[in-house]
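Peer 1: Dropping a structure here in structure tokens format, bear with me for questions.
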Amino acid sequence: MAKRDYYEVLGVSRDAEEREIKKAYKRLAMKFHPDRKSEDKNAEEKFKEAKEAYEILTDAQKRAAYDQYGHAAFEQGGMGGGGFGGGGGGADFSDIFGDVFGDIFGGGRRQQRASRGSDLRYNMDLTLEEAVRGVTKEIRIPTLDECDVCHGSGAKPGSSPVTCPTCHGAGQVQMRQGFFTVQQACPHCHGRGQIIKDPCNKCHGHGRVEKSKTLSVKIPAGVDTGDRIRLSGEGEAGEHGAPSGDLYVQVQVKAHPIFEREGNNLYCEVPINFAMAALGGEIEVPTLDGRVKLKIPAETQTGKMFRMRGKGVKSVRGGSQGDLLCRVVVETPVSLSEKQKQLLRELEESFVGAAGEKNSPRAKSFLDGVKKFFDDLTR
């Protein structure tokens, strides 16, 4: 099946700013995240699709490549999946074109430097409480680390890499093709200008070994789904002593049984019985700091929103704290006893006639509207 356009997946325009993309991704992630048990059978696939689109469109280089070449820009190397994956991605077009034109006209790169290590990505799931308050977590990641025997050189201890006898250290060789003299990377040393005659017994000349390492990652308070934390130099080790890549920790906040987050505000629904809704009263509501009392005024209707200032989330970038917004839901009583039913019947009888109209103004307005609608039809 053909892939959908990433902008279409997130429902944003092609000139959307990063904050719009992040907001759109968060909305879809909350809707289709596996923890939310969506009724949509394709929820998991839609979640993965949105996540892939988000990762491409929030990376400036990858977005530029996608805008120019579409999905073809990434066909030669995926985004990496699961909890952990390579931070790379698509083909590097600058390298492709540089090699082609450089080789033909003799202006290609000379001796190739050892490659910097690949970036890595780790997907970290957090509870809402952890995201709001901040947390330090230990993670274990598989990676390519510098060989501790040869210290990344690839050569056996006591020996060193030697100058390549084919290119004499230039890293390139010339080949004549018709009227052209073409330069290309030396096939013997692969453009490095040096070869290893006596390779290290542990890494077999690669300078790197597969290894798992444990890191302690400090997550700042206020992070949200889609935020990314960069750990410089904690990616794969570079080739033959080149700098290491970086590790990117991608944050995903799990669904919460009580609260929903939007920006720095928290939302929750508070059920109350119809007697309290009519007469007023006081209830306890949950916050992330504990229970607080909320005064319910008389004649409160379903949908009434109460704002508790400063009970939301503190921004990860500093500044004021968000609010907690409690939406009241008036609950219809169930499992009534005979006495309760009788009391309700008596209450219902008191609503009959003109006296009851002022007790239910919305019902009267609705019935008046229905009557007018049918009167207009019969004219």
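Quick reminder: no glycine exception, Cβ is built from N, Cα and C everywhere.
From a predicted model like this one, the values you see are computed outputs, not experimental measurements.
Positions annotated as domain 'J' by Swiss-Prot: 5-70. Among the features that Swiss-Prot reports, zinc finger is placed at 134-212, with the record citing sequence analysis. The annotation Zn(2+) 1 binding site is assigned in Swiss-Prot to CYS147, CYS150, CYS200, CYS203. Marked as repeat 'CXXCXGXG motif' by Swiss-Prot: 147-154, 164-171, 186-193, 200-207. Per Swiss-Prot, Zn(2+) 2 binding site is recorded for CYS164, CYS167, CYS186, CYS189.
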Peer 1: When you scan the chain for residues with a C-beta under 8 Å from the repeat 'CXXCXGXG motif' (147-154), skipping those not six or more beyond its ends, what do you find?
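Peer 2: Apart from its flanks, the repeat 'CXXCXGXG motif' (147-154) reaches 160-161, 196, 199-203, 205-209, 237-238, 240-241.
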Peer 1: List, by number or range, the same-chain residues at least 6 past the repeat 'CXXCXGXG motif' (200-207) whose CB is under 8 A from its CB atoms?
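Peer 2: Cβ under 8 Å, 6 or more out: 146-150, 152-157, 237, 239-241.
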Peer 1: Which residues, in sequence order, are found in the same chain with Cβ within 8 Å of the centroid defined by the Cβ atoms of CYS147, CYS150, CYS200, CYS203 at the Zn(2+) 1 site, excluding those residues themselves?
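Peer 2: Residues close to the Zn(2+) 1 site, other than CYS147, CYS150, CYS200, CYS203: ASP148, VAL149, HIS151, GLY152, SER153, GLY154, ALA155, PRO199, ASN201, LYS202, HIS204, GLY205, HIS206, GLY207, ARG208, VAL209.
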Peer 1: Can you name every residue in this chain, apart from CYS164, CYS167, CYS186, CYS189, with its Cβ inside 8 Å of the center of the Cβ atoms of the recorded Zn(2+) 2 site?
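Peer 2: What remains near the Cβ centre is PRO165, THR166, HIS168, GLY169, ALA170, GLY171, GLN172, VAL173, PRO187, HIS188, HIS190, GLY191, ARG192, GLY193, GLN194, ILE195.
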Peer 1: To the nearest whole angstrom, what is the C-alpha distance linking CYS164 (Zn(2+) 2 binding site) and CYS200 (Zn(2+) 1 binding site)?
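Peer 2: The separation of the Cα atoms works out to 18 Å.
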Peer 1: Cβ neighbours within 10 Å, counted over all protein chains: which one of the binding-site residues CYS147, CYS150, CYS164, CYS186, CYS200 has the most?
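Peer 2: Sorting the candidates by Cβ neighbours within 10 Å, the top entry is CYS150.
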Peer 1: Take the C-alpha atoms of CYS186 (Zn(2+) 2 binding site) and CYS150 (Zn(2+) 1 binding site) and report the distance between them in angstrom, rounded.
Peer 2: 24
Peer 1: CYS167, CYS189, CYS203: which of these binding-site residues has the highest Cβ count within 10 Å of its own Cβ?
Peer 2: CYS189
Peer 1: Sort the residues of the domain 'J' (5-70) into helix, strand and coil with DSSP and give the three counts.
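Peer 2: Reading the DSSP string over the domain 'J' (5-70) gives 49 helix, 0 strand, 17 coil.
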